[in-house]
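J.: Pulled from Swiss-Prot, these are the listed features:
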- Cys110-Cys187: disulfide bond (DISULFID)
- Asn3: N-linked glycosylation site (CARBOHYD)
- Asn16: N-linked glycosylation site (CARBOHYD)
- 1-39: topological domain 'Extracellular' (TOPO_DOM)
- 67-75: topological domain 'Cytoplasmic' (TOPO_DOM)
- 97-111: topological domain 'Extracellular' (TOPO_DOM)
- 134-154: topological domain 'Cytoplasmic' (TOPO_DOM)
- 175-199: topological domain 'Extracellular' (TOPO_DOM)
- 221-242: topological domain 'Cytoplasmic' (TOPO_DOM)
- 265-285: topological domain 'Extracellular' (TOPO_DOM)
- 309-350: topological domain 'Cytoplasmic' (TOPO_DOM)
- 40-66: transmembrane segment (TRANSMEM)
- 76-96: transmembrane segment (TRANSMEM)
- 112-133: transmembrane segment (TRANSMEM)
- 155-174: transmembrane segment (TRANSMEM)
- 200-220: transmembrane segment (TRANSMEM)
- 243-264: transmembrane segment (TRANSMEM)
- 286-308: transmembrane segment (TRANSMEM)
Amino acid sequence: MSNITDPQMWDFDDLNFTGMPPADEDYSPCMLETETLNKYVVIIAYALVFLLSLLGNSLVMLVILYSRVGRSVTDVYLLNLALADLLFALTLPIWAASKVNGWIFGTFLCKVVSLLKEVNFYSGILLLACISVDRYLAIVHATRTLTQKRHLVKFVCLGCWGLSMNLSLPFFLFRQAYHPNNSSPVCYEVLGNDTAKWRMVLRILPHTFGFIVPLFVMLFCYGFTLRTLFKAHMGQKHRAMRVIFAVVLIFLLCWLPYNLVLLADTLMRTQVIQESCERRNNIGRALDATEILGFLHSCLNPIIYAFIGQNFRHGFLKILAMHGLVSKEFLARHRVTSYTSSSVNVSSNL
């Protein structure tokens, strides 16, 4: 029987967030020169992302849930997106704790937390693509009735969550906690003799559905949306274009580096490019850094999609006015200013 699943072969300190151990029988552990430094830098970064995401996405959900009257289709997407980003962020403290003492939470939590992290990662990215489709339909095909879109949006969101659950099932099925000799306990996949094949599948899934497909959908939809805005004589088209550019640019800046490094790591693990301890350590550090950059996207979503929008600002001020934190006169002045500065409501929910 092959010994590729023998935990003592693996360099457990070299596992990145994806938790995929090497499968080669001649695999030899490498010394990580910056393990302690990297560990605490990652913990601090996780904590900051958690706090910022918790604050921003909670505010977005609060504002949308308060404004039951006149809730738009985009608001439904934003609500689901904020929920996905919030649930994703809630797993970060557990992963941060595992950086200190290893995985001390047992197999059940290993499976559940891994599933939560993956489901909300996929659903967040897929919902971003759905928002771009919604903006494309609203601006490029403005004849589509609001009633039709409101009826469909619930099923689209359910579809995103369902697809995300299916894409995440391998992590739930195969992950377990293990405490190897002379090393900290870890949460990783046990894939048996098919480790190499399944590793490629588990790498292809986030590459495809977590980056490439959503990116092409956004580029297509926002590309045609920009073309329509250029042709139209709309007072708010320049503002809308700035938001669209911000959406695509932030997505690329956050997730492109991680996907490129993950691709390099996959090529190295499958022996397409030569593997060495120095290269493995460099890629491991790059994965840590670029992964944090990707996680930061969950904090930036509220800023891009909600805080920039005039509807969100007005809804937030309305909640403050209801609790006596701002005057109703100030709220009325803000409403008049928003109305006179946005004769076309095309960008308010972008």
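In case you wondered, yes, glycine gets a Cβ from its N, Cα and C as well.
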J.: For the transmembrane segment (200-220), which recorded stretch in the set 40-66, 76-96, 112-133, 243-264 gives the largest number of Cβ pairs separated by under 8 Å?
T.: 112-133
J.: What same-chain residues lie close to the transmembrane segment (76-96): Cβ under 8 Å, and 6 or more beyond its ends?
T.: 17, 42-43, 46-47, 49-50, 53-54, 57-58, 60-61, 64-65, 105, 109, 113, 116-117, 119-121, 123-124, 127-128, 130-131, 134, 150, 153-154, 157, 160-161, 295, 298-299, 301-302, 305-306, 349
J.: If you run through the topological domain 'Cytoplasmic' (67-75) with DSSP, how many residues end up as helix, strand and coil?
T.: 3 helix, 0 strand, 6 coil
J.: In the three-state scheme derived from DSSP, which category covers Cys110 (disulfide bond)?
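T.: The three-state answer is helix.
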J.: Please work out the helix, strand and coil residue numbers for the topological domain 'Extracellular' (265-285) from the DSSP assignment.
T.: 14 helix, 0 strand, 7 coil
J.: Mind checking which residues of the chain, 6+ beyond the ends of the topological domain 'Extracellular' (97-111), have their Cβ under 8 Å from one of its Cβ atoms?
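T.: Distant Cβ neighbours of the topological domain 'Extracellular' (97-111) are 39, 42-43, 46, 171-172, 175-177, 179, 183-187.
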